[in-house]
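Participant: Pasting the relevant annotations from Swiss-Prot:
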type	residues	note
BINDING	Cys362, His438, Cys442, Cys447	Zn(2+) binding site
REGION	57-81	region 'Disordered'
REGION	123-143	region 'Disordered'
ZN_FING	362-447	zinc finger
Amino acid sequence: MSVDAFSRESDDMMSLLDYDFIEGSSSDENAEVTEMETSAKTANNKNEVLFAPPCTQELLTERPSPDSKNSQGDDDSNSIYGNVIRDAQHSASRYATRCLDNAIPRKRLRLANLTVDSACISQTKRPHGTGNRKQYHRRNFPMSPTSQEKIHLRLHNRLGSRSEKQQRSLNYDRRLQEGHHRRRFYSERRIYDQNHSHHRTHDIRVPLEKYRVSRQHDLPVHEELNEILQREKHRLASISNECDFRVSSKNRWAAVLTFSSNAESTLCGPQITWEYLLHAGPELRNTFEIRPRISLQASAAREAVLRGESFIAALGSAEETLSWLKLHAVLKLRLVNHDPIFKTAGAVLDNLRLKLAPIMMCKYGTEKRSMGDMLRRSAPEDINDSLTLCLILLSRIRRVMHRTSGSKYSYMIDPRGCMIDYVPGECMTNILRYVDAHTRRCSDPACNLYISCTLMPIYIHGRYFYCNTLFGM
């Protein structure tokens, strides 16, 4: 054999790896080749079609051939990495055939194409010692474009346009610049807290300047306080002149409807009978109804008086409220929203609770439900004596007047109709009997002294000194 023939045969053997078999005509389902070309120009494309999985002609034409201008590497590189390509193609075809029979053919096609494309990318562009193994696989075996776009979109929606590998908090750079990450000593931290109010520690030693009010006039303290008292006195006098129900002198309630700034004026009002109240009560109610603005101011003045009453006076105010409720129940009148008597029922209740709480605690202790629990429920079923009747009805009046909108009637407060048979003065009499019975049975001298001072509000003992360095009394 000549040398030329030997060299020609060796060249043909070395170029077999780059041969490709291109179908000249259409093939059947078994991929049988009907016409093949074995020219040297199409040798590279024949090898690719032979091992590629079944796919459309459009995908085949998109792959660049080694003879094109975009192809990289020479014949030596193709021969060196030819085994890698064949192994990748064989593994892709074997993986596609191992899929389930009912799997989607397009899924098998996509998996095989991704494997072959990744092998081609690794052949043409190989990193040289850059990054770790995870970065190497991410760069050379990327995900599908659809999945990659979804991941970038998800990260962009969460963290903005940051593209670092380790996504940090958006406030990390700001905290790093301000020095929040560094530990400080006590002296340095104290100076830092003074400059940063939102990190300032709580100091129990509050300076007195925080509670001091700036003085408007350079006057002595006693003159300044006298000026304050005189100003309030003039204000009350002006209010008493402006606040007037404007009733005629023939009105039977004209004496008690006037506003007076005199401290010696009577607070209990005239003593009347139930028959007189039943006859003249609707006139007082109509006065409250047609004068809503003055009635609201009268409620404020009345509440200030009721909260400072003694125990006996508080019982009288409770009797006034219950008798007024009985009038509405008997005559079936609608309750006025700005009625001063009903509006101040809560003040009467609070004063009675304050006076009766030590007595009830001494009598019942923890054996019975507390007064707060009973009033929180305010159920008509809990009424069993005059004391519970008075407290529960006052609580229900306050609740209805403040929480119920629209028309209000007496049956909303007293659903059991206890006020129909109620005798005015009954609650006050029975509560005083209740307190006196406890005094005779209780062996605690402190409780007996408290009851005596409550029933007769005369100063006996309790105040030891009056400290005031600003002015003298």
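Cβ from N, Cα, C; glycine included.
Can you walk me through where each of these features ends up in the structure?
Facilitator: The secondary structure of Cys362 (Zn(2+) binding site), as reduced to three states from DSSP, is helical. In sequence order, His438, Cys442, Asp444, Cys447 make up the list of same-chain residues 6 or more apart from Cys362 (Zn(2+) binding site) whose Cβ falls under 8 Å from its Cβ.
Mean pLDDT across the zinc finger (362-447) comes to 87 in this model.
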Participant: Using the recorded Zn(2+) site (Cys362, His438, Cys442, Cys447) as reference, state which further residues of the same chain have their Cβ within 8 Å of the centre of those residues' Cβ atoms, listed in sequence order.
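Facilitator: After dropping the recorded site residues, what remains is Ile359, Lys363, Thr439, Arg441, Asp444, Asn448, Ile451.
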Participant: Taking DSSP three-state, what's Cys442 (Zn(2+) binding site) in: helix, strand or coil?
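Facilitator: It is coil.
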